[in-house]
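Shown next, in structure tokens, is the structure this report addresses.
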Amino acid sequence: MSNINVIDILKESDALLEGHFLLSSGRHSNRYCQCAKLLQCPQKAEKVISVIAEKLKEVDFNIIVGPAMGGVIVSYELARQTNKPGIFAERKEEVMCIRRGFEIKKGDKVIISEDVVTTGKSSLEVAKVIEEMGGEVVGIACIVDRRAEDIKTNYPIYSACKLEIETYEKDNCELCKKNIPFVKPGSREQK
């Protein structure tokens, strides 16, 4: 499985885009990764997620939790490939929680699944819920790790690929200076 070129599959799926983007963080970028475009193609998603499943072979875990929306399909496919249960967390009144009869039992060893990890905010919210329920987070699995060097987590990251995507403050954005209009493709509501 190591001969899979994840970047090529992301590009073929139109999941890795070039242009001028306003990110959910408020920063601007010339590249954007929209893994939903990959996840709409089950055969391609299966290949990419197999790269993560391979990395998890030596990790001791018994359940996968994906935050809605981006982590739901990743959780399902990763659970299928690792033969572990896969569930999801979702927001209720803006607070991340485990619902729908899903549960984390005391002592469960949990992998959090994501499509893209940028700041780790969603993963950390899910980790807090898991730990409050008595579970232990043993790692974060994602298709794309696009964290900047200064973004650290307390958990190991198991990704299909690492992308370094430059971001800029609006005032320092060369694309804005060239009057190139931006697209706001993000999934998190900006306030």
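Placement of Cβ uses the backbone N, Cα and C atoms for every residue, glycine included.
Annotation source Swiss-Prot lists 5-phospho-alpha-D-ribose 1-diphosphate binding site at Glu114, Asp115, Val116, Val117, Thr118, Thr119, Gly120, Lys121, Ser122, citing sequence analysis. Per Swiss-Prot, the feature orotate binding site maps to Thr118, Arg146.
Features recorded in Swiss-Prot, as mapped to the structure shown.
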| residue | record | Cβ neighbours (10 Å) |
| --- | --- | --- |
| Glu114 | 5-phospho-alpha-D-ribose 1-diphosphate binding site | 25 |
| Val116 | 5-phospho-alpha-D-ribose 1-diphosphate binding site | 24 |
| Thr118 | 5-phospho-alpha-D-ribose 1-diphosphate binding site | 24 |
| Gly120 | 5-phospho-alpha-D-ribose 1-diphosphate binding site | 21 |
| Ser122 | 5-phospho-alpha-D-ribose 1-diphosphate binding site | 26 |
| Arg146 | orotate binding site | 21 |
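Same-chain residues that are not part of Glu114, Asp115, Val116, Val117, Thr118, Thr119, Gly120, Lys121, Ser122 yet have a Cβ within 8 Å of the Cβ center of the 5-phospho-alpha-D-ribose 1-diphosphate site turn out to be Gly70, Ser123, Cys142, Arg147. Closest in space to Arg146 (orotate binding site), of the binding-site residues given as Thr118, Gly120, Ser122, is Thr118, taking the CA atom of each residue. In this structure, Val116 (5-phospho-alpha-D-ribose 1-diphosphate binding site) is part of a beta strand by DSSP.
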